[in-house]
């Protein structure tokens with residue numbers, strides 16, 4: 001049974017016409033909500049990782065575009081002074097926001113859907129079109145909450161059935177909980193459900209360098225709900241699996257290709273390789289909006305690379321901690337690709353669980369989302 005939502009973990013505050021997003025860069029020490037008024041505001045919030053997590057990015061983008069259009073409508077000389085102008089503003093806003101982060105497919109899929117639906121809306125006034133956009137965005141928001149609940153339910157049942165233990169110990173990476181989604185989470189949502197059902201022994205949270213989403217955000221969520229956890233550095237996962245009873249690795253995803261190859265936070269593939277070596281089932285938990293049947297495999301995924309200072313500086317103090325010199329080279333990919341062959345436990349979605357085949361191709365996600 002899903003528990004009531006913990007409002008402390010709310011990262012999206014929305015009411016028709018207003019949107020405030022939790023600046024997750026400042027957690028766990030400060031709780032600061034930024035008001036989102038314009039398209040530039042949401043593009044910057046996504047790009048600068050004030051809002052993060054593939055589902056949360058997509059939902060926030062849709063809501064923000066509706067809010068931005070409403071604010072534009074209030075201007076006498078704004079872009080939304082006619083039905084045609086409003087439609088053009090909404091469609092162009094979707095295109096702009098889509099460029100903020102390239103790897104997470106939820107953002108592009110959600111905004112492509114919003115564009116299609118806006119193009120189909122029949123409205124007699126600019127205000128009517130803005131209201132229709134708000135209704136569409138609110139539907140996307142509500143759907144993500146339902147997706148969270150389905151993933152939790154299917155995931156907890158599948159993990160306990162496969163592991164066959166009364167209590168399980170789990171490793172996860174990054175933050176895939178309420179802060180990364182609209183409500184409960186994906187991979188951390190499954191962990192939550194195991195905890196709610198009294199079936200969680202311990203969750204081991206990887207710190208997740210360089211942004212430390214595991215240390216800052218996953219630990220924050222576990223503390224808020226008294227979930228039993230242990231924080232580990234990313235490089236400790238093999239030692240952990242080799243020395244303590246670990247029953248499952250559960251991770252989220254930013255894009256799952258047609259064959260099951262999974263783009264997720266850098267370090268996920270390391271986890272999968274270690275899990276395969278030690279015989280630990282490896283699960284991916286994500287909503288169907290993360291499934292990308294148009295991308296055949298991981299080789300086709302564009303991997304975002306971020307600023308070098310994320311590695312050369314302490315992210316909290318902004319103090320440089322790496323020596324400078326002409327021979328210094330830095331590579332800072334945000335995501336890696338976990339081959340489908342290493343997703344041994346299955347892909348958990350709100351619609352059920354895709355279990356791997358014994359031979360390649362190990363998955364065919366079109367069984368859930370169709371070919372396009």
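Keep in mind that glycine also has a Cβ here, set from the backbone N, Cα and C atoms.
The site 'Transition state stabilizer' annotation in Swiss-Prot covers 174 and is backed by sequence analysis. Swiss-Prot lists 254 with the feature active site, proton donor.
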Query raised in the report: Other than its own, how many Cβ atoms are within 10 Å of the Cβ belonging to residue 174 (site 'Transition state stabilizer')?
Result: 29
Query - residue 254 (active site, proton donor) and residue 174 (site 'Transition state stabilizer'), Cα-Cα, nearest whole angstrom - result: 12
